[in-house]
Amino acid sequence: MDIKKRIDELRKIIEYHNDKYYNQDDPEITDYEYDKLYVELRNLENSHPEYKIQSSPTQKVGGTVKRELRKVKHDIPVVSLQDVFSKEEVYSFVEKITSEVTYPKFVVEKKIDGLTVVLRYYNGELKEAITRGDGSIGESVFENILQVKSIPKHIPSKLNYLEIRGEIYMTNENFIKVNEKQEEIGGKIFKNPRNLAAGTIRQLDTSIVKDRNLDIFIFNLEISEGKKFETHSETLEWLSNQGFDVSPNFKICETADEVWNAILDIEESRWDLGYSIDGAVVKVDNLNDRISLGMTSKVPKWTVAFKYPPEQKETVIEDIIVQVSRTGRLNPLALLRPVILANTTISKATLHNQDFIDSKDIRIGDTVIIQKAGDIIPEIIRSIPEKRPDWAKKYIIPDVCPVCNSKTIREPDGVDTRCSNPDCEAQSFRKIGYFVSKDAMNIVGFGQNTVEALMKDGYIKKISDIYILKNYKDALIEKGIIGKEKSVNNLLNAIELSKDNDIDRLITGLGIRNVGKQSAKILAGNFKSMDELAGAAYEQLIELEDFGPTTVPDILEFFNSNAYIELIKKLKEAGVNTISKTLQKKIDNRFLGKTFVITGTLPTMKRDEAAEIIQSFGGKVSGSVSKRTSFVLAGEEAGSKLTKAQQLGISIITEEDLKDMIK
């Protein structure tokens, strides 16, 4: 093997994956696979120091600072940990520490799979939050951190300065909910909770952060001016008493055997935690011992991270089927011979699209390796060609829809295949279900089972049929397909009530690709009616906050379709409101052309309430401060947005000022 060539190759591969992981939040390989590449490079460099260079990935932290967020210098560099993968390496670490420190104790904690943040408190008040970035300079995410409920904004202790580190993460339950909503709007499906948590905390729109319910575990106290501690475990107890969620169920150990057993205990429980971990961290407990042990050029000598390999199993693809989504996307699904993986029975896994199937050479009958992405979603890692039976069949996504037999089309600039028939029964079922859902028209009692029953008996085939169900009241009661008379009356009353919804709910319910609740509210606040919105030009839409070159063409295509023109005509005939109540409520347009940014905690109003008031007078509410911002409405704990507004000379107003402005 050409050592120099392999080292150069590994550096390029690792730099590529560093960028995908740290800066794009879209890793292509598992942490375990990455760690193996990294260890190979590190070992080669150690064996051949003549090839070691300062710019190597082994000599620096992987990320760079995202351009859109304010840069903040770290008081203490945020460095990586030394990874270990075997029992022998763990014992070697403990023995080395024992040879340098008298009677050391070790703390073993779960290694949460999330995004590290540094929190700064001044006199008990949270004032700053910073991501790791490149280890020396991070990015301020203070406004977003305020949306994380498990982070105290005030603590009992009034230390002059407190700096702590924690891991932002998303529970498995919330991750599934977010992906379900993304599926409903035809948006991006996230690979795992870590990617989603990392991408969310870097959002420029705080409302998105609030909706996604992030959490945090605090794992280290860095600076505590005015208070001294002897051990790490003591700091965790103190932080817990201050209201922080600290690394859960950590163990204090004295021997290598105890440390190893603690690591095994964590591994055994990892599938029942409700959130993702990718290892266990072993730390020297005594803080003075940590100082004496010091660090290498890159990692602390007093700690290591033991990385668990992802649990993988072999199984067989017994068949491949296609499901049709609400937006018409054909989703190939592998039906697997059932296998127990991470304490659950796995019998299917998504194959995403034709490119995915082809790149992995996946065939019906293949034996495949599967694991859970982020410990949640089953994914096929690779097929095993040497175990392929002679009869194994290549799979091609059909050129006709499996539900309605209409022609399918491959998106010219994408990887998805879609059904060309907007009236496809599979699409109609999901479209109707989404239209009546809580996030859209909120028709109480109109669940998926009701949709299925009414479609099966031919009472509804498309969205507009919902509003003529009252014509079949007697038949519905007689047949009892959705319950007795009271149930029928309740449903019909709920349908009538929905006619009076504001148009943001109607826009949401239409299921336009890449348009969810937040986008629908912006549209309803900028167009006085559905007709005006349908006639909007590209130039008008692209100027709206958070509407980009991906979303706007989808909106234009939808409103120019014959299907929409027919649907809106029938909805109007049924009496469904198509006028923006948000704009109707305007007393005047005194804020027309003005852009407001709301930051901090207001004395009596919620931010959403303040935003509605501003919008009702013609103003626009933005999630970020720029030269185009007219006013910043600031409450308590106003952070980086207030600072930027002051630097730009933008007018700062209070809640009282806003009230005076609308008198």
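The backbone N, Cα and C atoms fix where each Cβ goes, glycine too.
According to Swiss-Prot, the protein has these features:
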type: BINDING; residues: Asp31, Tyr32, Glu33, Tyr34, Asp35, Ser80, Leu81, Glu109, Arg132, Glu167, Lys283, Lys307; note: NAD(+) binding site
type: ACT_SITE; residues: Lys111; note: active site, N6-AMP-lysine intermediate
type: BINDING; residues: Cys401, Cys404, Cys419, Cys424; note: Zn(2+) binding site
type: DOMAIN; residues: 586-663; note: domain 'BRCT'
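Within the set of binding-site residues (Cys401, Cys419), the lowest number of other Cβ atoms found within 10 Å of a Cβ is recorded at Cys401. Lys111 (active site, N6-AMP-lysine intermediate) sits 44 Å from Cys419 (Zn(2+) binding site), counting Cα to Cα. It is 49 Å from the Cα atom of Leu81 (NAD(+) binding site) to that of Cys419 (Zn(2+) binding site). When Cα-Cα distances from Cys419 (Zn(2+) binding site) are compared across the binding-site residues Glu33, Asp35, Arg132, Lys283, the shortest belongs to Glu33.
Ranking the binding-site residues Glu33, Asp35 by other CB atoms within 10 A of the CB puts Glu33 at the bottom.
Taking Cα separation as the measure, Cys424 (Zn(2+) binding site) is nearest to Glu33 of the binding-site residues Glu33, Asp35, Arg132, Lys283. When Cβ neighbours within 10 Å are tallied across all protein chains shown, the highest count among the binding-site residues Leu81, Cys404, Cys424 belongs to Cys424. Per Cα geometry, Glu33 is the residue among the binding-site residues Glu33, Asp35, Arg132, Lys283 nearest to Cys401 (Zn(2+) binding site). When averaged over the domain 'BRCT' (586-663), pLDDT in the model lands at 84. In the domain 'BRCT' (586-663), helix, strand and coil residues by DSSP number 26 helix, 17 strand, 35 coil. When the C-alpha distances from Cys404 (Zn(2+) binding site) to the binding-site residues Glu33, Asp35, Arg132, Lys283 are tabulated, the minimum falls on Glu33. Within its own chain, Lys283 (NAD(+) binding site) has Phe106, Val107, Val108, Glu109, His232, Trp302, Thr303 as residues 6 or more apart in sequence whose C-beta sits under 8 angstroms from its own. For the Zn(2+) site, the Cβ centre of Cys401, Cys404, Cys419, Cys424 serves as reference, and the other residues of the chain with Cβ at most 8 Å from it are Val324, Gly328, Pro402, Val403, Asn405, Ser406, Thr408, Ser420, Asn421, Glu425, Ala426, Gln427.
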